[in-house]
């Protein structure tokens with residue numbers, strides 16, 4: 001169009017020159033001023049008999065794929081198109097490949113905001129700037145029609161954006177992560193549960209969503225391995241089954257065994273990669289044993305015992321205390337100095353009865369301890385604070401401590417019973433009997449009993 005206007009201007013100048021030559025040299029200044037006015041006017045189009053009015057070429061939109069989500073109203077429809085484009089640039093569609101190939105000149109001109117003058121004479125640039133500005137603005141208005149934009153350009157709402165980016169499943173995935181984490185908080189001995197990054201099956205964006213998860217530990221009653229006893233003779237060696245729950249207790253407070261100590265407890269042979277193989281085996285059942293871990297409790301001889309052997313030792317100790325402890329001789333020996341008179345014997349008897357009551361209360365408390373051992377897991381009956389204290393002691397001794405104390409207190413109760421018997425027999429004797437005669441009487445009663 002601009003070249004046609006330039007040709008028309010040159011044609012008019014040639015006609016004026018010819019007319020001046022044939023009209024006795026009188027210049028036609030009004031005609032030139034009108035031509036200059038048409039030439040330098042920035043916006044109005046030139047009306048010439050030989051030039052038709054400019055019309056933009058027809059636009060054929062490229063084929064595009066219809067999206068599944070619906071459109072929403074443009075939130076900036078009440079503003080002008082120029083202001084709407086400046087406020088919300090996301091609502092403007094990205095040009096496709098076909099549009100870039102079809103209109104390279106228009107994109108370069110609109111992107112820079114200035115007309116392109118490549119190939120034009122340098123002298124015409126000041127004269128044609130106004131005409132080209134008007135033409136560019138007309139073309140911009142023509143191509144900014146709403147029907148030329150993609151159907152989803154004005155409706156890139158939150159739902160569509162979430163579906164395009166693959167974020168529609170993220171709330172459900174984070175809920176699942178939160179539920180798993182809540183379950184982890186309810187488990188006992190959290191420190192040994194396997195922890196690692198969550199491997200989400202529905203993660204289209206490959207986001208590094210990581211939280212501490214509890215892959216539920218395998219069946220706690222499942223046997224992890226069998227361990228030969230340390231205290232048994234070679235002729236009667238017995239093996240004790242170590243369950244998954246027991247391994248979890250040994251890795252948890254208060255002991256917090258490391259790989260070296262746990263390998264010794266489980267009687268694993270020392271090797272170059274023994275710690276790594278043990279950690280891999282524990283990882284398969286859902287337990288975590290970090291490398292370089294430090295033990296929390298002081299190592300004793302009881303540390304080397306598994307729970308089965310420790311409980312076995314406590315039972316044997318209780319049997320020996322019940323069957324072999326000399327309760328009667330000890331009671332007779334300690335009661336002799338207090339048989340001088342009825343008042344002294346009565347005071348001694350009251351002391352023994354009080355001690356017997358204390359031992360009974362103490363034994364009943366220890367018998368209500370519900371610390372899990374082996375495959376047993378009973379419901380607690382004591383208050384939480386006292387049960388936690390008893391569990392700490394029982395876990396340190398692997399079940400041996402409470403049962404051993406009960407056996408020792410039972411031996412003490414047997415002594416008290418025998419002492420009360422001696423006092424009762426001495427109290428029934430005549431008061432004029434001397435302590436020596438009382439001793440002789442006790443000896444005769446002992447011989448008669450045998």
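For all residues, glycine too, the Cβ spot is worked out from N, Cα and C.
Record note: among 53-58, 59-64, 65-70, 71-76, 59-64 is the stretch given as motif 'PPxY motif' by Swiss-Prot. In Swiss-Prot, the annotation SUMO cross-link falls on 10, out of 10, 241, 295. DSSP labels the residues of the region 'H-S-H (helix-span-helix), dimerization' (293-424) in these numbers: 99 helix, 2 strand, 31 coil. As a whole-number mean, the pLDDT of the motif 'PPxY motif' (59-64) in this prediction is 65.
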